[in-house]
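Report on one structure; see the data block that follows.
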Amino acid sequence: MSQKEVADFGLIGLAVMGQNLILNGADKGFTVCCYNRTTSRVDEFLANEAKGKSIVGAHSLEEFVSKLKKPRVCILLVKAGKPVDYLIEGLAPLLEKGDIIVDGGNSHYPDTTRRCEELAKKGILFVGSGVSGGEEGARYGPSLMPGGNPAAWPRIKPIFQTLAAKAGNNEPCCDWVGEQGAGHYVKMVHNGIEYGDMQLICETYDIMKRGLGMSCDEIADVFEKWNTGKLDSFLIEITRDVLRYKADDGKPLVEKILDAAGQKGTGKWTAQNALEMGTPVSLITEAVFARCLSSLKSERVRASKKLTGPNTKFTGDKKQLIDDLEDALYASKIISYAQGFMLMREAAKEYGWKLNNAGIALMWRGGCIIRSVFLKDITEAFREDPNLESILFHPFFTNGVEKAQAGWRRVVAQAAMLGIPVPATSTGLSFYDGYRSAVLPANLLQAQRDYFGAHTFRVLPEAADKSLPADKDIHINWTGHGGNISATTYDA
């Protein structure tokens with residue numbers, strides 16, 4: 001090792017997340033090299049936040065690479081998309097076989113798979129790692145979800161598991177996820193669940209605010225109480241804080257915020273992928289659509305003056321409804337996570353990934369936005385049965401939904417009577433009822449498809465006979481009286 005090769009790893013991208021991850025590394029005993037395309041930011045960082053710490057700077061990619069111990073570990077925290085490709089194009093010629101590039105941004109998993117394959121041809125090991133926890137998580141311990149070229153894991157494991165948050169018995173919220181784009185895929189699903197959790201909380205707030213006429217402080221008190229029990233989570237905690245925050249005039253700041261939600265696309269990716277996989281991730285998808293509907297602010301204002309609906313106030317037992325809301329939120333969250341793990345199960349089959357669901361749940365227990373107390377129970381469920389088909393089949397969650405569902409149903413019914421939209425809460429309940437139904441009306445749907453498009457259908461084994469044979473794709477002439485049965489290629 002030359003005197004120049006001093007850094008245990010390097011990081012490119014000095015926005016707040018990048019700076020905080022570097023400071024996290026320095027605090028935990030690593031020497032870190034930093035670089036930014038706008039090199040003045042390197043100097044500013046070294047002169048301020050990084051001053052006196054084991055952090056060195058570089059003013060070019062060449063200098064950056066020269067300061068890294070071999071095999072080199074280069075972490076990129078830059079905007080997803082073309083900026084990542086441009087940076088890789090600049091870095092790759094400077095690296096040697098066995099060196100590692102880690103993309104820690106919110107990249108789309110197919111891009112990560114492509115980059116893995118392209119860089120493997122050059123002998124460079126590529127990793128796409130989900131990073132969750134926001135600015136504070138990056139600074140003190142994020143959830144890290146690395147996947148890509150498995151040959152990189154032995155080198156980056158001690159770095160990543162040291163940087164990561166700890167949960168349970170000091171277990172790091174980081175483990176190897178899988179090959180290709182598996183790490184970024186799991187982060188995508190994490191973000192989809194995050195969309196679902198946030199929408200569920202907003203719907204719960206809306207019923208308390210508009211349905212019960214509660215103040216923000218009163219609602220904050222409810223969330224604070226819930227955060228000591230089965231709903232204990234980061235998002236419940238920050239919701240309490242947000243509701244209590246006052247503007248300069250002493251009024252709740254949240255009431256002054258425009259009700260048009262933004263989104264960066266990762267929730268949409270989850271919904272799109274669910275459709276491609278044919279997996280009913282309905283709650284997360286409704287959460288995405290709820291943001292889309294919120295963005296139609298001016299149109300909604302016009303609609304509010306033209307379209308009628310219930311305008312009644314709740315007159316029942318307020319305490320009972322608040323208790324029901326707790327149950328509805330809890331049960332709906334279980335559905336959201338069940339759907340997320342269902343989607344990852346299908347992705348593992350599709351892409352040949354060996355996903356460790358217990359490990360994924362553990363990664364999400366600390367440091368990340370969706371961290372919550374019941375992730376411990378998901379971890380334990382998958383440790384007991386790594387092949388668990390659905391978390392809904394584990395006794396803890398089966399019993400949890402069983403106890404909560406009466407209140408859940410009352411909330412959905414009451415929201416409808418009050419005219420308050422609860423798209424995520426209601427679709428969660430609809431999924432639950434559909435999932436537990438041995439018989440669904442898809443038989444009629446199949447008949448309709450065969451009637452207008454000759455798409456064929458199959459019959460129930462117990463209903464089969466000579467005219468309607470089992471295990472055959474059947475087409476009927478629906479305008480006659482039976483007959484004209486023909487087998488064709490089944491087209492779903």
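In case you wondered, yes, glycine gets a Cβ from its N, Cα and C as well.
Quick caveat, the model's predicted, so the values are computed rather than measured.
When the candidates N106, N149, N169 are compared with the NADP(+) site entry in Swiss-Prot, which names G13, L14, A15, V16, M17, G18, N36, R37, T38, V78, K79, A80, the shared residue is N106. Among S107, S132, the residue that Swiss-Prot annotates as phosphoserine is S107. Swiss-Prot annotates N106, S132, G133, G134, H190, N191, Y195, R291, R449, H455 as substrate-binding residues; of K166, K264, K318, the candidate listed for that same site is K264. Per Swiss-Prot, the residue from the list S143, S215, S282, S295 bearing the note phosphoserine is S215. Listed in sequence order, L77 are the same-chain residues at least 6 apart in sequence whose CB falls under 8 Å from the CB of A15 (NADP(+) binding site). Cβ neighbours within 10 Å of G13 (NADP(+) binding site), excluding its own Cβ and spanning all shown chains: 23. When the Cα atoms are compared, H190 (substrate binding site) and M17 (NADP(+) binding site) turn out to be 18 Å apart. Here the CA atom of K79 (NADP(+) binding site) lies 8 Å from the CA atom of S107 (phosphoserine).
Taking all protein chains in view, 18 other C-beta atoms sit within 10 angstroms of the C-beta of R291 (substrate binding site). Between the candidate recorded positions, K79, K187, H455, the densest Cβ environment within 10 Å is the one around K187. Each of the binding-site residues N36, N106 was scored by how many other Cβ atoms lie within 10 Å of its Cβ, and the smallest score goes to N106. Counting other Cβ atoms within 10 Å of each Cβ, the recorded positions T38, S107, S215 show the lowest value at T38.
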